[in-house]
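Visitor: Sequence annotations record features per position, and here TrEMBL assigns region 'Disordered' to 1-25. Taken from TrEMBL, the feature transmembrane segment covers 73-100, 121-142, 162-183, 204-224, 344-369, 389-412, 467-487, 507-526, 532-554.
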Amino acid sequence: MAPRPELGSDPAVPPPDLDGKDSKITESKDTLVLPAYSTVALVDPEPEVDPWQLPELQESGPKWSELDTKGKIFQVVTSVARFCLLLGFLYMFVCSLDVLSSAFQLVGGKAAGDIFQDNVVLSNPVAGLVIGVLVTVLVQSSSTSSSIVVSMVSSGLLEVQSAVPIIMGANIGTSVTNTIVAVMQAGDRNEFRRAFAGATVHDFFNWLSVLVLLPLEVATGVLYKLTKLLIDSFNIQTGQDAPDLLKVITEPLTKNIIELDSSVISDIAIGDPSARNKSLIKTWCKKQKITNLVNITVPSEANCTIGAPCWEINNETWTQQNVTETVNIAKCTHLFVSTDLPDLAVGLILLALSLLVLCTCLILIVKLLNSMLKGQVAVAIKKVLNTDFPFPFAWVTGYLAILVGAGMTFIVQSSSVFTSAITPLVGIGVISIERAYPLTLGSNIGTTTTAILAAMASPGEKLANSLQISLCHFFFNIFGILLWYPIPITRVPIRLAKALGDRTAKYRWFAIVYLILCFFVMPLLVLGLSIAGWQVLVGVGVPIVALLIFVLVVNIMQTRCPHFLVPMLRSWDFLPKPLHSLKPWDRVVTSVMGFCGAHCCCCCKCCKKGKADGENDEGLEKKKGLEMYDNPALCVEDEKIQTISGTHL
């Protein structure tokens, strides 16, 4: 391409002759406006690619028919080895999630028990909601937080009506695990966009369901009354616990790393003072309770045991009573059974190790899947997972996916494990977010069915309360699905997750900010206001909620019907830029991370890579804008644009 003259150069110099022939410019007395010579037509514009479109899985190697016998054997052996490696990394991934849960319980388990002790705060529905979120995030298990609630209800410290908001909060807190897993895929921009959206669609479903159902429950008590009616209508007997198939597979490894006594947290929550000095780390794994008939002294004969002999010796009244003692038989065999370290130190060690194993396994799983999902097999898998049934039964596909998600979660006994396992598949483009959404909804149902079966195995005095709380959890998710799934226009969580995915793909540090704000800062802030009193909570919370609703309405009107707004509100440009754009914050974060990477460590390569990608994109746009020779007489406004350089002819 011919060199471009700079602005301010000799105006008598003609533009390069694109036809390759000599041309002469004849002078005239009248002003002659020369035509614009442009090379834009010679540059093929790159077609716009939808970032949410699933990538094409293409065959990179030779076809099966082109291979000889040796090549076919090698490919079969390689595929089997990759599949075995994938199963091994997946096993380590699930085990690291289990150890991560134990680490969180060691770090924050006793704090979670202390949070549950304030019954005055728990009577506030909003405070109960955020306590459910915080406790579930701290112990990384909605089953553990639900069991604590059941223990408190059974001991009379908490009413079932007050426990319903806590269960709603536990439903929100359990979605933090797959969000953490999605952050681990921040290396590739498009993969991160899809993975983070696939994880946060669970968050948005839970938050939106709470925004609708919590006020409805406070006003009408619909969940409490419905579950109470079911409990009273059926004569439910104590049964057996649900089979925990996943623990059968993972326990041989995890029980040799750490074993915890979760009953300590429940004892702290119900106010047992002796539990505060106990360690969560289990020392004796095999115990036996022995009941013996022993002689004891009582104040008088009226206090003698009924049916037991009663006698006096030296003016002392004696009787016999059954006393149960716990005898330690066998010690545990895990790594920390004889450690002198406190629970916090052991928890931090396990937290670091489990996160390291989790990240490593996730990276290797993604790379293995990328290498395996090629060719006709990948196309078939992609079609099976994302194709709808033919018309008029296309609507059945989503409900079938809900059943699949519920069944798989029932098998693995953990919604966190299931949603964390499908998050990398969404990231690499095997599962679309539209298909991951019903799978996630089914996972919510599956984890409540296992809780119902576990509640039915409770002893007689706890059966009714634990079963009612489990049914509240179940119907909360059922009502949420009825709100946000059957009608396509109501599938708001998908649109919100995609918008957040686009934002976090552009500013990857925002994913960490979202994680901290939604699961730590906001619940802690609401909890602090609740402790201060409901007057303070209403005085601070109502203006903030009103402001958020106003901003949401204005944003919708700016895109749909801006002519109904006053001119000032048709855009947010009247506000300082940090209040309506993340670019100033991005510069600050990038500078801080760059300083950290240069002077502290090399942990900021991801952010630097994201910035380089953005600069490359801007460079391409500038390159396209420079590849033209504009006639200044025909484009006056273009002189103001810095990305276009023209020549005065």
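Even glycines carry a Cβ here, placed using N, Cα and C.
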Visitor: Could you tell me what the rest of the chain brings near the transmembrane segment (73-100), counting residues at least six beyond its ends with Cβ under 8 Å?
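Guide: Those are 64, 67, 140, 177, 246, 249-250, 253-254, 257-258, 350-351, 353-355, 357-358, 361-362, 364-365, 368-369, 371-372, 412, 414, 416-417, 420-421, in sequence order.
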Visitor: Need a quick answer: max count of Cβ pairs under 8 Å to the transmembrane segment (467-487), which of 121-142, 162-183, 204-224, 389-412, 507-526 is it?
Guide: 204-224
Visitor: Do at least three C-beta pairs under 8 angstroms join the transmembrane segment (204-224) to the transmembrane segment (121-142), pairs 6 or more apart in sequence?
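Guide: With 3 or more qualifying Cβ pairs, these stretches touch.
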Visitor: Would you kindly check 344-369, 389-412, 507-526, 532-554 and say which stretch has the most C-beta pairs under 8 angstroms to the transmembrane segment (162-183)?
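Guide: By Cβ pairs under 8 Å, 507-526 leads among 344-369, 389-412, 507-526, 532-554.
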Visitor: Would the transmembrane segment (344-369) count as touching the transmembrane segment (532-554), i.e. at least 3 C-beta pairs under 8 angstroms with sequence separation of 6+?
Guide: no
